[in-house]
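TrEMBL has this to say about the protein:
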DOMAIN    3-365  domain 'RecF/RecN/SMC N-terminal'
BINDING   G30, G31, N32, G33, A34, G35, K36, S37  ATP binding site
Amino acid sequence: MRVTRLDLRNVRRFDEVSIRPASGLNVLTGGNGAGKSSVLEALHLMAYGRSFRGRVRDGLVRSGAPALEVFVEWREPVTGSDGSVVGGTERTRRAGLRHSGQDWDGRLDGQSIAQLGDLLSALAVVTFEPGSHALVAGSADIRRRYLDWGLFHVEQAFTPVWRRYARALRQRNALLKSRAGDAQLDAWDHELAQAGELLSGYRETFLARLEPGFRALTGELAPALGGTALEYSPGWRKHELPLADALLLARDRDRLAGFTSVGPHRADWRVGFASLPGREALSRGQTKLVALSALLAQADHLAAVRGCWPVVALDDLASELDRDHQERVIDRLLASGAQVWVTGTELPPALAAGDRGFSLFHVEHGRIEPR
Ligand SMILES: Nc1ncnc2c1ncn2[C@@H]1O[C@H](COP(=O)(O)OP(=O)(O)OP(=O)(O)O)[C@@H](O)[C@H]1O
Ligand SMILES: [Mg+2]
């Protein structure tokens, strides 16, 4: 996928700006607070429904404006119903979103959309930013969201199962809080267990598919870590008992607590290292490289399944990685044919000296000028 045009209106400090990125590497420079990250936030918004720095209502709308608007146009290969690329042909797609923080209105290819998910499944963006280390060092919900986002893009049957599970979990928790009887709980436990086993199966298989790519990437980006592995924890003792039994065993305790203590909503995954005891032993920079490897492994997998690379956004690359790693990452991405967006207060050292071609944009005073 290659974005050919991105328009922002009332996004953070921007009144109205438009950018026409090139198909390969795009670099946005400008001083602190100029609005570089805001451009990537707008792109991220169109793929996730939120910014990597929070939800729309957490300050993404320009102060004083009623709502923000983002419009994005991109090219992507035409794929058949099985996802295979059809004869090298491409098509142009367009998406628009107006969001006030509460209400939103979206359009995809000229049609109004009923669910934000319709828009989010269209454009795929993978973002690496200063907060990305949380994928390795942060809480489990970030890692679950990573798996679920990937599955949402590569496995059509996943989202209905995810919704089923979320609904059953809400119902069971409400029943636990209202101290409902066993008969009522039995019905929802059954539904929760069925959806939960499916959900867990999808995630476990998906993580196993990501592992070879992830291992290759960490080998390339952080060879000092030795071999790496991805290990899934299902959220209950899955190797010992089915979820239905785990729910029944936990019922009395869950009644006291007022929520469901076992199941895929408590799942997590971790990175295992051949030469380190665990993630606590990683340096800050190594944590970032491991997180970046996980993000790129997912992008690589998505490319294999959907026939094209997601757009890759690297916010503040030079402050996140040293020069050698900047070069490795950029070269790997360009070799894959991905469209890449990089921001920095200066031209990243890896680009200033090398002979890599790129398009440069300068962000200043609420404007974006090609250089
Ligand atoms: N809701 C808002 N309304 C108006 N201005 C805002 C709003 N939110 C943020 N800003 C301003 O918009 C700018 C946001 O800049 P952004 O974070 O994109 O900068 P940046 O170029 O990435 O800077 P840095 O190099 O420091 O990362 C800042 O100047 C900030 O004060
Ligand atoms: Mg920034």
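Each Cβ is built from the backbone N, Cα and C atoms, and glycine gets one as well.
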Lowest local Cβ density among G30, G31, G35, which the record lists as binding-site residues, within 10 Å: G31
Extra residues within 8 Å (Cβ to Cβ centroid of G30, G31, N32, G33, A34, G35, K36, S37), ATP: S38, T345, V363
Binding-site residues near ligand 2 among G30, G31, N32, A34, K36, S37 (Cβ under 6 Å): K36, S37
Long-range Cβ environment of G33 (ATP binding site), under 8 Å and at least 6 residues apart: R13
Chain-internal residues near N32 (ATP binding site), provided their CB is under 8 angstroms and they sit 6+ positions away: T345
For the domain 'RecF/RecN/SMC N-terminal' (3-365), mean pLDDT (0 to 100): 94
Neighbour-count leader, CB within 10 A, binding-site residues: A34, K36, S37: K36
Secondary structure of N32 (ATP binding site) (DSSP, helix/strand/coil): coil
